[in-house]
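Notes follow the structure.
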Ligand SMILES: Cc1cc2nc3c(=O)[nH]c(=O)nc-3n(C[C@H](O)[C@H](O)[C@H](O)COP(=O)(O)O)c2cc1C
């Protein structure tokens, strides 16, 4: 019964148990676990060598040697491939196999006891650990290579701020010997101006368990302090429990110097722009002003915000705003430089003339605009004064010429009369004194001289002013444009509208200077005698009269004048209808004389308060 | 009453459908809140002018500027106005398939945009011209040099 019990226990043991008998090692007792290990069913008395199962040749060989030598043997983690099943490939399983020789008393070995303990799980764990160790070593190597080849210095600090590790680059960079005491030396290498800040910043980051990123100067091997960026992140063991900080130091010296230079350059330029007593500004590629210098605020009395991206337009004289805006949009669209002369309102409401100029700068940062408004008010006013003075002088000069010219003409008739009277006197009177005859001769000579002088005077003026030039075929339009160009200041100032209509008779055969003189006088009179309550509107029209001869009519909407019963006095030199207006009279007298010299005549009609029309009939009918 | 002008960039190009649904939504919501103005869109460039009561416009601009469909929202103007310059709300862009859009209420082809209304100050009208130029480029914006300085 005890035997039976023992057999039961052995049969159900989780380890494989079998007995092998005799030289041939025939299976005796085989428990269930051993059956599973061997795979194929085992017949009692079957030799191990004949079993078709899983026992490999080397194990069989060892079994036979143990039988012969009588020395027990244990094979650790011996792999036996489990036979493949339908859906599984053969998988190796691992066993500790014990081979125990069996003797009858002191006799020779009669058999073997075979134990097989499944250690597959342990073996797999061991193998995994082995692979892990290899992989870890590989990663370690890689990390070391990396940390030692990157240009940065890498480091590890513990929670107390003690350096656990620093890559060899640190020694290389600082020139310190490998034996240097990191924790003592490092703080000493930090620039004195940065030291306290750095120590404090890293200390507070470690206390808070967070990473850091700051820049400081570290002494390089050559003694130069260079800017470095220090960045580190904590390694957490458990939530909020930082144990180590791993980080890197990157040299940012050159970038920092460059950025600093740029900042300094920009600040200097801005200072320069702010120091110049001119309105200076910059605009984006889209044309929006993004910077006004300080003087702009000073001049306009408006802040940058009040001016806004397009507010400079509001500073211009209202009549100039639309044109200035159109020009700016055009410049932005085309990239063409901007230039214009504008009146800009000062903080006190006074407008001053400015030249506004802007140019586009296109570089790798994209297009931007740089502009300046230069105050040219004084120059502009001076020019205006000079222009007025010049016009005045030119007119006086012309008047003087006209005076000389008319005087020489007008003196001709009395001289002629004098000559007639004198001849009559000489014919009828007799002189007793022979000396008196001489005087008569001298008088005659003087009269001839006077005549010649008057003639010369008239010719000089005619020559000087080109009035005696031979007639040519002239485009009325081009001569009129030329004359209006000379009068542009008056036209602009008065805001005059001038309609030129030469369609009916576009050309005229006349002396150029004469035509210019006539048009000049007619136009400037029309502008001069404008009604201050309305802008002048001058209509100029050429045509052919009923007589077949050309005429020119100049109609204005000016003050008008009272016409005397006969027209001559209107054109008397220096006879002025409007004494408050300078330089009238002489011009019209000249016009009349020129026209008369070609057989033509001047016609005038006028209504006080409504306007005047002059009609030049160029030639006699 | 105030008006606000801003420019921005679409995060990704807006399709015809995106634009049409924006048009529908804005026309509905803006009409309900009495907001008028105009929006320009081309190749990811966006500019918009909106006008209305301050209490309506400021929160609306907040919402618009946080809208994920665009970014880089730059406000150019935000200031009081005495009258509206736009009678309703409209959008101008180049649809890939224009046929369906022409009849749509509130839609305009960029080259059909009228010049800025004269009720705008010249500085503001110029601003609208400049944003139009920035969105559509020089080709779509007539810009002839003028004789203003001749
Ligand atoms: C470029 C752009 C312009 C917009 N303009 C308007 C607008 O004028 N009015 C409006 O109600 N929503 C406008 N929106 C939409 C708003 O950002 C928002 O999506 C919409 O008001 C819906 O908001 P809700 O979901 O709170 O109703 C615009 C969005 C974008 C991207």
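Residue 1 is the first one shown; counting continues down the chain.
Every residue gets a Cβ built from N, Cα and C, even glycine.
Automated prediction, rather than curation, is the source of TrEMBL annotations.
So that you can see what the record holds, here are the features copied from TrEMBL:
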DOMAIN    A:78-131  domain 'PAC'
DOMAIN    A:212-264  domain 'PAC'
DOMAIN    A:265-307  domain 'PAS'
DOMAIN    A:406-621  domain 'Histidine kinase'
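Mapped onto DSSP classes, the domain 'PAC' (A:212-264) shows 12 helix, 30 strand, 11 coil. For the domain 'PAS' (A:265-307), the DSSP-based tally of helix, strand and coil residues reads 22 helix, 9 strand, 12 coil. Using DSSP to sort the residues of the domain 'PAC' (A:78-131) gives these counts of helix, strand and coil: 12 helix, 28 strand, 14 coil. Across all of the domain 'Histidine kinase' (A:406-621), the predicted model scores a mean pLDDT of 82.
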